[in-house]
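One structure below.
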Amino acid sequence: MPSLRTERRSFGMETPRHSSFRMAEVLYVLSCGGQLEHPHMINVQYPVHQPGPTLRDVKTRLIALRGRGMPDSFSWSYKRNYKDTFIWCDLFDDNFILPLSESGEYALKATKRFDASQVKYLRPPRRSENLEAEGDVSMVVKKGLVLISDTGSVTSNRTMELNKQLMNSLSHSRSAAAVRNNEHSDVSSSDTHYSYEDVIERKDYPARCKSNSGATKRGKASVTPKQCHPSSRPAYWEFSPQGNRTGREDSLMTIGLTKHVVEENEGPTTPRAPARRRTWKKEIDKITIFRESNNSESSDDEQPSVQAETHVSKLSKSGGSYSAAPEDLFLYILRKATRLGSFKPRVCTEVDVVDSTQSKTKMLFRSKTKDEVNRLLYHSPLKQDQSIKK
């Protein structure tokens, strides 16, 4: 029987002969932020059937030496001869690493991967001064409200101090905004302007405005409108029609937040508001219509037409409002409408008077039976007068 020593020697001698892996020395350099570190050298095992080591074999060796996340945080490339110089060829995990033709060495370079999430801006994006001031004020208000609302941990003295700081910061930001507006404004006026907060605090502001407007009316014949403060909010104006107006003055009323009461004199070129369409509704007895149509003479047709046109033109020019139309114009239109064609019982519902001095009548026709027409004609006053004369 062979001894134990002989068996151990034979086993040790046969192991390198029947080994399925080869060893290769690989030189690699790490590049971080454009700077190359000192080169490193490691021994990499790869199978015998391969022409050379792959990138996966190198990563397996580096994971055992430096940890699992190190190889994947770099992009790898190997050095290769190209014409009279050399180049770096990028590698994937299954690509073979080719040696240099002159020395037969394996040279690798590892470049740090680019991560967009870790990139930070050198400075925050710009914001306008007004937005910064509003943001600071809002933060102060929020902090003050949070601290003041916590009554369990904040004493009364601390609460008073926080309230003072809050009011001071608000007043400071308000004054700074007013200074900026005054610097950039072209308004040059010596009148006293009131801000939005002053109007809220002083409740007698509308009364003082009315008194000032009354004094200016008595003192001056022509009033020039005051210039509004540049920081004031836009006001909404609406014309208020007045029946009895002296001269050609128009009064303006403000809706919402009123800043000033402005009065203007209408010049010859001032555009007027378009005339509104007015409608009067009235019902007249059919017997009265028949009596008026038969008793009126043909010579009177021209005179009411002139009066009607004159009256309609006055209505369109005047700015006052009327509750009902005049009686003569209405009856004249009804007489004209009744004479056209044969007489039929009709009821007038409404009359439209337009700015163009034209009148329109809307008549609702309805068919009547012969009995109703005869009864209407028989009981009419005109028919009774004729029967009495006979």
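Just so it is clear, glycine is given a Cβ too, placed from its N, Cα and C backbone atoms.
Positions annotated as region 'DIX-like oligomerization domain' by Swiss-Prot, on the basis of similarity to another entry: 22-115. Mean model confidence of the region 'DIX-like oligomerization domain' (22-115) amounts to 86 (pLDDT, 0 to 100 scale).
As annotated by Swiss-Prot, region 'Disordered' applies to 210-247 (among others).
Swiss-Prot lists 291-321 (among others) with the feature region 'Disordered'.
Summarising the annotation, Swiss-Prot assigns compositional bias 'Polar residues' to 304-321.
Each residue of the region 'DIX-like oligomerization domain' (22-115) gets a DSSP state, and the totals for helix, strand and coil are 16 helix, 45 strand, 33 coil.
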